[in-house]
């Protein structure tokens, strides 16, 4: 990948960057990508599409192109949408950030904490100490984790206590016990799935209907849904999921369950499908603080570090010790970070004025989707791949190169 990016060093950075993407497609390092950038003033409206939406050829032996309106799996990029929906409920007085979720999520409140296993291998469960709040859910400090990330939960599943996620019912995602008390540590987990349930119970609407009425309608979005199988217009032109073989680096079609069946309910942490252009509308609305989704003061709240110093330090230690996960995507691993309401906040500039600035908010999704909103620079960017696993080095390097090029162009005016 380095030879693609470093071949010519002194030309126009955007031209070089686009050349890198084209070469990556031509050499079959990626099937395709969509990259987008917008600014507050409307002077920058950048979109480029590269390559194909699948590695499978169609009946004409062609690879259909990946386009700005191609329906794609957002995976964890869904979490930003669910955060927005939960904050809308807060604005409307339906929930409070710091009240216990007991009223709306008694099933979560009753969930025990898995402490470990005794000498006979039996699970040791105890009552939770403290109450979970919406703020805990939005900042991943509730004590919940994902099975695939936590050794205690993996053992718990291996003993037959949990259904496989292949069942694709939300209760199989929400069934694992907590692994710590609320506020005890930052742990990445199924918090936004529970936040989605909170929105449903607070409003009386399922999350799909709420999404359509409160995010899609205000922004004029028609290709964003939890229910892909109910949208034949989107199914006909959706992207495939592609997987890179770890042994030889080759790309292969991934017959993922997520594309074959809708969830029994809506997964607020991972369940939405959307065209890249529609997702950019959400990012741009937040950047402009235009009031279409959230009041400006609520948007400002999203960008405020939400962790106390102890949790912030623990989160940084965890992230620095997890380069294989690399929650921050193209962000340098040594960067100081916090967590806001919706994503990771940079506590320092990434590279002076040449890249993301202090206070920028970022997150992404498993198919190597990376979004970021940078209020100080007045920019938002979106890199959209449909290639797993997450933290793919080719996608990561291309995303970093894209962002650097956009910042360089924008600084030049």
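From the backbone N, Cα and C atoms, a Cβ is placed for every residue, glycine too.
Annotated active site, acyl-ester intermediate per Swiss-Prot: 76, in sequence order. Residue 76 (active site, acyl-ester intermediate) falls within a helix when secondary structure is assigned with DSSP.
Positions annotated as monacolin J binding site by Swiss-Prot: 73, 173, 188, 258, 388, 390.
Residue 366 (2-methylbutanoate binding site) is surrounded by 19 other CB atoms, counting those within 10 A of its CB over all protein chains shown. In this structure, residue 366 (2-methylbutanoate binding site) belongs to neither helix nor strand by DSSP; it is coil. Per Swiss-Prot, 2-methylbutanoate binding site is recorded for 366.
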Near the Cβ of residue 73 (monacolin J binding site), how many other Cβ atoms are there if near means within 10 Å? 25
Mapped DSSP class for residue 390 (monacolin J binding site), helix or strand or coil: coil
May I ask which residues of the same chain, at least 6 positions away in sequence, place their Cβ under 8 angstroms from the Cβ of residue 188 (monacolin J binding site)? 140, 145, 146, 149, 325, 327
